[in-house]
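Engineer: Starting off with a structure, shown below.
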Amino acid sequence: MHTLIRSFLGLWYVLGALAQTEIKLVADENVTLPCRHSLGHLGIQSLDIEWLSNISDHGKQVLLSYSGGQVYNAENHKGRYSFVSKYLEGDASLFIRSLQPSDAGQYICKVKNAGQYQWSFITVIVLVKPSELACSSEGAQLEGKNVTLNCKSTAGTKPLNYRWVRVNLKDNVERPVQSTARIGPENQLLLHNLSKTDNGSYRCEVSNEVGKRTCDVDVTVQSVSNTGILAGVACGVVVGVFLIFFTVWLLFHKKEFKKREEEEFFNEIREDAEAPKARLVKPGSSSSDSRSSQSGSSSTRSTTNSASRSQRTHSTQETPHGEQRHHCLEKI
C-alpha cells in the first residue's frame, strides 16, 4: 500500500499512516465511523478530507468530502452522511443516519494535510435484531390431546436462539416448562397428553447478539365432559332458534290461508247473488204484467220452500190466460 501511495504522489514527501478496523453495528441505528487527523503547520488551508465506500459492484464511491473550505455530499446520498461537528479540529468521523444491512462493507477515510496522507480502513458488519415474532397454538386444547405452540422469527442475524418458559403474567415471573414438554425441529413447543396442570401462559424468546424478541401463548385445557355440555348447549340454542322461526312462519302462513278462504267464500256468495234468474213467459202477455208477475214470483221464491215455489210458478203461468180473456170481453 505504501508503494502505491508513493507512486501516486510522485515527488511529494509522504508520511503514510494506515489504520484498519472492523466494527459491528446494529441496523436501524445512527452510527459513527471514527477517523482522526492532525493539522499540519499550514492549518486548515491545505486540509482535504474524503470518505469513500467500497460496498457495491461499481467500486469505490465518494460519499462525503471537504476541500477548499467547502463540504461536498454525493447527490444520491444527501442527508444520510455528514461530518461530526469538529472535523476541522482533528475529528473527521463519518456520521451515518439509520444504518441498513445494505451498508455493510468497507469504508475509507483519506486525510491530506500539508503533503501528508492519513488512511483509515473500516470494515462495517451490520447486525440485525430478530424480527417481530409470529406465535400461535395448533391443536384442540382438550384433556388427553396434544398441542403444538409455534414461534417464528422471519429475520435477524444468525444464529437465532430460541427459548420457551412458562410465565406468570401478573408478576412476570418465569419458570421452566414441564418435563413432559419437548422442543420440535422448528423450535416449536410440543405439549403431550394435556391436563389441567398445563394451563397457563407460555413465552417464546428469540435472541441474537444484538437483541431479543418475545411473545406469549395462552393454554386453557378443557375436560371432554365440559366440551360435550358446551356442544349440547350450542345445539340446543340452534334448535330453539329454528323452532321459533318455524312457529312464526307457520302462524303467518296459516293466517294468510284463512284470509284467502274467507275471500273465496264471499266471492262465491256474491256470484250466486248476481246470477240471472230464468223464467217462462207466454206469448201475448203484456210487459207490465210480466214485470209484475216476475216481481211477485221472485219475492215468493225467496221466502218459501221448494214445493211452494213450484206451485206458485204454476199459478203464475196460468194467470196471463185469464187476463187475456178478460181483455177480450171488454173489447166485445
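For all residues, glycine too, the Cβ spot is worked out from N, Cα and C.
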Engineer: From Asn146, Asn193, name the one Swiss-Prot lists as N-linked glycosylation site.
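Structural biologist: Swiss-Prot records N-linked glycosylation site at Asn193.
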Engineer: For the disulfide involving Cys109, grab the partner from Cys35, Cys204, Cys215 as Swiss-Prot records it.
Structural biologist: Cys35
Engineer: Where Swiss-Prot annotates a disulfide for Cys204, which of Cys151, Cys328 is the other cysteine?
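Structural biologist: Candidates were Cys151, Cys328; Swiss-Prot matches Cys204 with Cys151.
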Engineer: For the transmembrane segment (232-252), find every same-chain residue at least 6 residues outside the stretch whose CB is under 8 Å from a CB in it, and list them.
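Structural biologist: For the transmembrane segment (232-252), the list is empty: none.
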Engineer: Taking only the residues in the topological domain 'Cytoplasmic' (253-332), give me the average pLDDT of this model.
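Structural biologist: A mean pLDDT of 49 is what the model gives the topological domain 'Cytoplasmic' (253-332).
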Engineer: Can you tell me how far the Cα of Cys204 (disulfide bond) sits from the Cα of Asn193 (N-linked glycosylation site), in Å?
Structural biologist: 21
Engineer: Using only C-alpha positions, which one of Cys35, Cys109, Cys151 is spatially nearest Asn193 (N-linked glycosylation site)? These are the disulfide-bonded residues in the record.
Structural biologist: Cys151
Engineer: Rounded to a whole angstrom, what is the C-alpha distance between Cys109 (disulfide bond) and Cys151 (disulfide bond)?
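Structural biologist: Cys151 (disulfide bond) has its Cα 43 Å from the Cα of Cys109 (disulfide bond).
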Engineer: To the nearest whole angstrom, state the Cα distance for the pair Cys151 (disulfide bond) and Cys35 (disulfide bond).
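Structural biologist: It is 43 Å, counting Cα to Cα.
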